[in-house]
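Swiss-Prot has this to say about the protein:
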- His155: active site, proton acceptor (ACT_SITE)
- Lys93, Thr94, Gly95, Thr96, Thr97, Trp98, Arg177, Ser185, Tyr243, Arg313, Lys314, Gly315: 3'-phosphoadenylyl sulfate binding site (BINDING)
- 19-28: compositional bias 'Basic and acidic residues' (COMPBIAS)
- Met1: N-acetylmethionine (MOD_RES)
Amino acid sequence: MESETLTAKATITTTTLPSHDETKTESTEFEKNQKRYQDLISTFPHEKGWRPKEPLIEYGGYWWLPSLLEGCIHAQEFFQARPSDFLVCSYPKTGTTWLKALTFAIANRSRFDDSSNPLLKRNPHEFVPYIEIDFPFFPEVDVLKDKGNTLFSTHIPYELLPDSVVKSGCKMVYIWREPKDTFISMWTFLHKERTELGPVSNLEESFDMFCRGLSGYGPYLNHILAYWKAYQENPDRILFLKYETMRADPLPYVKSLAEFMGHGFTAEEEEKGVVEKVVNLCSFETLKNLEANKGEKDREDRPGVYANSAYFRKGKVGDWSNYLTPEMAARIDGLMEEKFKGTGLLEHGK
């Protein structure tokens, strides 16, 4: 099955790709191709998903929610990365919102003072658009119309990234998180979705599906490993970070991220505490307590299926212990040990 879906990718990515500065991304472009995407997706294997009316579709060795797969195919076909672009790559619920805030604050620190930074009034997701969500479904958001924007994000597995991303030479940062906490964060997050597709499966059933790789963009461990291997082959193009180590001591990692992005902090900035200011501005505690991220407030640029507050639950390391039994924890730990054995991944970031 995997070879068939990878062949499908090859078939749909032969289009001549324009620069995303020049791409006509009106909603009609996605809409006129959407039926073709849906017809293609209807031929792929599917399984029961975490909601009764939302199946998971197999494509390229990974599992997808139908709408996100449509967006992925559209990005593969039409998104054209430039060498100057920078992508925040991740699996869902692994620190994406935090990393988006950091990359935006680092890249734009000379444009705003402490009181005028847009992060104080708007959600970080508004400034670093997803190439498989915002680009196809919401092409009119202001950040996509800004030709000077170079920050983008994606949950797309490395093997299925648009060819232009891989070939352009643009840089990427990938963040991963301990799988047990990732699962709990995802399961609780899905309960906050505004949807008519039915309730989320109970904890035990959802956990079993997660362990079997049946989750959006899953299997999660494969997702991590693919980016890890790409990082090992291209350390000058990919920065590989772990959520837990960054949370424990963010300053050195933020400095490394800035240097990697080409926006390194000067000695004068370090003396003035600019690094600390960026870390504090983007901290979980700061962002969660901003008015823009409270209650049922939505992002300003487009409709959202989640309120802004949904992206800020606890941000704690080890919260899984409040939900999972020792047997469940042992199961996922065993899967991780088996998958990552001999790769050097478990030792990275310790």
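Glycine is no exception: its Cβ is also placed from the backbone N, Cα and C atoms.
Where Swiss-Prot records a feature, it is marked here on the structure.
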residue : record                                  : Cβ neighbours (10 Å)
Lys93   : 3'-phosphoadenylyl sulfate binding site : 23
Gly95   : 3'-phosphoadenylyl sulfate binding site : 24
Thr97   : 3'-phosphoadenylyl sulfate binding site : 26
His155  : active site, proton acceptor            : 21
Arg177  : 3'-phosphoadenylyl sulfate binding site : 24
Tyr243  : 3'-phosphoadenylyl sulfate binding site : 23
Distance [Cα-Cα, Å, rounded] between His155 (active site, proton acceptor) and Lys93 (3'-phosphoadenylyl sulfate binding site): 10
What kind of secondary structure is Arg177 (3'-phosphoadenylyl sulfate binding site) part of, going by DSSP in three states? coil
His155 (active site, proton acceptor), DSSP three-state class -> coil
